[in-house]
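Chemist: Mind having a look at this structure? Questions to follow.
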Amino acid sequence: MPESDNQPRPDASSWGWFSRYPVLPFVLPLAVFMLLATFEPSAPDAEAGPEAQAAAEADNWFGLTFAQYPIAYTVRLVLGFATLALCWRPIISQFPLRVSPLSVVVGVVGVVLWVAICWVDLEGHLVQLLGEKNPLIMLLGLGPRPAFNPFEELAGRSPAYIWGFLVIRFIGLAVLVPIIEELMLRGWLMRHLETDGYHPEFWQVAFGKASAMTIVIGTAFPMLYHPEKLASLVWFSLVTWLMIRTKNFWDCVMAHAVTNFLLGVWVVTMGDWRLW
């Protein structure tokens with residue numbers, strides 16, 4: 001049933017410069033963060049010779065080695081936060097800051113499911129079967145994560161440097177990424193798919209409104225850029241359930257943050273570096 005015409009609609013006129021380009025606050029932070037990822041060095045191929053490893057390792061915009069990954073990630077994090085700060089006014093006007101205890105529960109359940117599904121490693125078996133350079137593997141985005149282990153890659157550095165990087169990595173993992181990813185996915189994309197005659201603009205669509213098609217697309221889209229396809233399918237479906245239940249943007253962010261933080265704890269304590 002359509003909403004009453006007497007119900008006030010959200011207004012983007014107070015967003016300053018962003019009122020002309022209202023989609024930008026929701027997509028720009030993640031776009032910048034992902035673009036900067038292309039500057040990061042890749043892990044060397046353990047099966048290649050030393051010269052081939054060195055050439056492949058430095059095959060990035062600035063010729064950085066894998067040991068310099070913390071520098072690249074720190075710059076990426078700072079610029080990501082700067083972009084988010086620039087976009088903050090429209091964000092907080094759309095989504096007042098509040099969370100419910102259910103979001104924490106969903107985050108804990110989410111990390112258990114993520115680790116359990118990744119332990120089965122169906123994608124890894126497929127990569128081993130076909131090879132990392134197989135066109136299908138590359139098309140599906142099933143390549144490995146950076147898997148940067150600071151205790152090995154930075155063995156010659158001081159403990160303060162190593163743990164300092166881990167703090168930075170956790171800030172990115174549990175603070176920045178949950179906000180900017182949920183902004184793009186649920187703050188913009190899923191609401192954009194729900195626009196209609198009464199709500200011609202995405203910011204006028206109530207958060208948490210989702211048709212079956214929106215749910216399918218909103219689950220499939222993040223699977224494109226996560227190598228853990230099955231875990232992504234299950235996890236994003238779980239958080240979409242939370243979104244529909246509480247209709248609160250920050251609940252989705254909190255669930256995302258809890259999952260990512262606990263996943264980071266798992267990675268560091270268990271040495272399961274392939275998961276980040």
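The backbone N, Cα and C atoms fix where each Cβ goes, glycine too.
Residues or ranges marked as transmembrane segment by TrEMBL: 21-39, 71-88, 100-122, 160-181, 253-271. Taken from TrEMBL, the feature domain 'CAAX prenyl protease 2/Lysostaphin resistance protein A-like' covers 165-262.
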Chemist: Count, for each of 21-39, 71-88, 100-122, 253-271, the Cβ pairs lying under 8 Å from the transmembrane segment (160-181), and report the range with the highest count.
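Modeler: Ranking 21-39, 71-88, 100-122, 253-271 by Cβ pairs under 8 Å to the transmembrane segment (160-181) puts 253-271 first.
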Chemist: Considering only the recorded stretches 21-39, 100-122, 253-271, state which has the highest number of Cβ pairs under 8 Å to the transmembrane segment (71-88).
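Modeler: Between the stretches 21-39, 100-122, 253-271, 21-39 has the largest tally.
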Chemist: DSSP says what for the domain 'CAAX prenyl protease 2/Lysostaphin resistance protein A-like' (165-262): how many helix, strand, coil residues?
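Modeler: Summed by class, the stretch gives 75 helix, 0 strand, 23 coil.
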